[in-house]
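Undergrad: Pasting a structure below so you can have a look.
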Amino acid sequence: MTKESVRVLVTGAAGQIGYALVPMIARGVMLGADQPVILHMLDIPPAAEALDGVKMELVDAAFPLLKGVVATTDVVEACTGVNIAVMVGGFPRKEGMERKDVMSKNVSIYKSQASALEQHAAPNCKVLVVANPANTNALILKEFAPSIPAKNITCLTRLDHNRALGQISERLNVQVCDVKNVIIWGNHSSTQYPDVNHATVNTPSGEKPVRELVKDDEWLNGEFITTVQQRGAAIIKARKLSSALSAASAACDHIRDWVLGTPEGTWVSMGVYSDGSYNVPAGLIYSFPVTCCNGEWTIVQGLAIDEFSRKKLDLTGAELSEEKELAYSCLS
């Protein structure tokens, strides 16, 4: 029996990440090879013509799973009936702009989109915020969509998680699928903490801790962390454009694991609403290690946190608390 179509919203759909993301969704990368989808694509009026071009390409690609496309600049039309919302659109920081200016622009964008989702999305809609500052944009969205459960609003740190897996796989010359359980703690910013203390590699002689195999704590506590933290900037320097393909792929990974579940014994990193676990201030959207089952995420509990890690967790938490204050000051 054919499954009922899932309506997936992508905001900023005519942009670089959107352009990479929509064919992945239409091909079944996000929700599975047997799940029909109807794509809702939203962008701002100046991008309307480009958005129509993306719609034409989706039609021309003849994706068997794609059962319909809504391409619009109207936020209400875009949000109506959606089951999953991937919020890629946002106001990017431009040269000479203060953080408060960027925050103020994004607060107004996320306030209006949150209201539209609140009123028009399907019940139990799952939301993933990609646009930066992702954690705080997600928090603003939560404020203005009070009927969407807090557990249904998340932000993307899976890109950082995947970057950390990639760095370990390159360092050890192993397949990336054999590395698991790295953690991204905190903010999707340069204060995030990529943590390998609980990560393992599948070897011919069984699972081995990453630290034991790398045998270089100086690299793991230094260059590895900064490489993951600064990877986005390195890609901008190389491409003269921000990471789009990897961000789109990570958004698919995030939603797929959330909806379909994480493999037994494996966790992933998601920016979720803090309940105070690991002494992280409650009420922030903070990246934790999570497992997913039956469409619900659960923070992995009981992991040992050493002194080095504790400082890193607190540092990125402090930045998020400061961002939250800044965002709320833009509301008044």
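Just so you know, glycine gets a Cβ as well, placed from its N, Cα and C.
Got these off TrEMBL a minute ago, pasting:
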- His188: active site, proton acceptor (ACT_SITE)
- Gly12, Ala13, Ala14, Gly15, Gln16, Ile17, Gly18, Asp43, Asn106, Val130, Ala131, Asn132: NAD(+) binding site (BINDING)
- Arg93, Arg99, Asn132, Arg163: substrate binding site (BINDING)
- 6-153: domain 'Lactate/malate dehydrogenase N-terminal' (DOMAIN)
- 157-327: domain 'Lactate/malate dehydrogenase C-terminal' (DOMAIN)
Undergrad: Of Arg99, Asn132, His188, which is closest to Gly12 (NAD(+) binding site) if I measure between C-alpha atoms? They're all recorded positions.
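TA: Closest recorded candidate to Gly12 (NAD(+) binding site) by Cα: Asn132.
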Undergrad: Check the binding-site residues Gln16, Asn106, Asn132 for other C-beta atoms within 10 angstroms of each C-beta and report the one with the most.
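TA: Compared across Gln16, Asn106, Asn132, the most Cβ atoms within 10 Å surround Asn106.
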Undergrad: List the Cα distance (Å, whole number) between Gln16 (NAD(+) binding site) and Arg93 (substrate binding site).
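TA: Cα-Cα, rounded: 16 Å.
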Undergrad: For Asn106 (NAD(+) binding site), which of the listed recorded positions (Asn132, Arg163, His188) have their CA atom within 10 A of its CA?
TA: Asn132
Undergrad: In whole Å, how far does the CA atom of Arg99 (substrate binding site) lie from that of Ala131 (NAD(+) binding site)?
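TA: If we compare the Cα positions of Arg99 (substrate binding site) and Ala131 (NAD(+) binding site), the gap is 14 Å.
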Undergrad: Can you check how the pLDDT averages out over the domain 'Lactate/malate dehydrogenase N-terminal' (6-153)?
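TA: 95, rounded to a whole number.
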Undergrad: Rounded to the nearest Å, what's the C-alpha distance separating Gly18 (NAD(+) binding site) and Arg93 (substrate binding site)? Just drop the number here, would you?
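TA: Here the two Cα atoms are 18 Å apart.
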Undergrad: Within 10 Å of the Cβ of the residue listed as 'active site, proton acceptor', how many other Cβ atoms can be counted across all chains shown?
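TA: For the residue listed as 'active site, proton acceptor', the count of other Cβ atoms within 10 Å is 29.
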Undergrad: DSSP on the domain 'Lactate/malate dehydrogenase N-terminal' (6-153): how many residues come out helix, how many strand, how many coil?
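TA: Breakdown, helix to coil: 70 helix, 28 strand, 50 coil.
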Undergrad: Per the record, substrate is bound by Arg93, Arg99, Asn132, Arg163: how many Å separate the farthest pair of Cα atoms?
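TA: That value is 25 Å for the farthest Cα pair.
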Undergrad: Does anything in the same chain, at least 6 positions from Ala131 (NAD(+) binding site), have a Cβ under 8 Å from its Cβ, and if so what?
TA: Thr11, Gly12, Met87, Val88, Gly89, Gly90, Asn106, Asn137
Undergrad: Could you state the CA-to-CA distance between Asn132 (substrate binding site) and Ala14 (NAD(+) binding site) to the nearest Å?
TA: 17
Undergrad: On a C-alpha basis, identify the one among Ala14, Arg93, Arg163 that is nearest to His188 (active site, proton acceptor); the candidates are the binding-site residues.
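TA: With Cα distances computed to His188 (active site, proton acceptor), the winner among Ala14, Arg93, Arg163 is Arg163.
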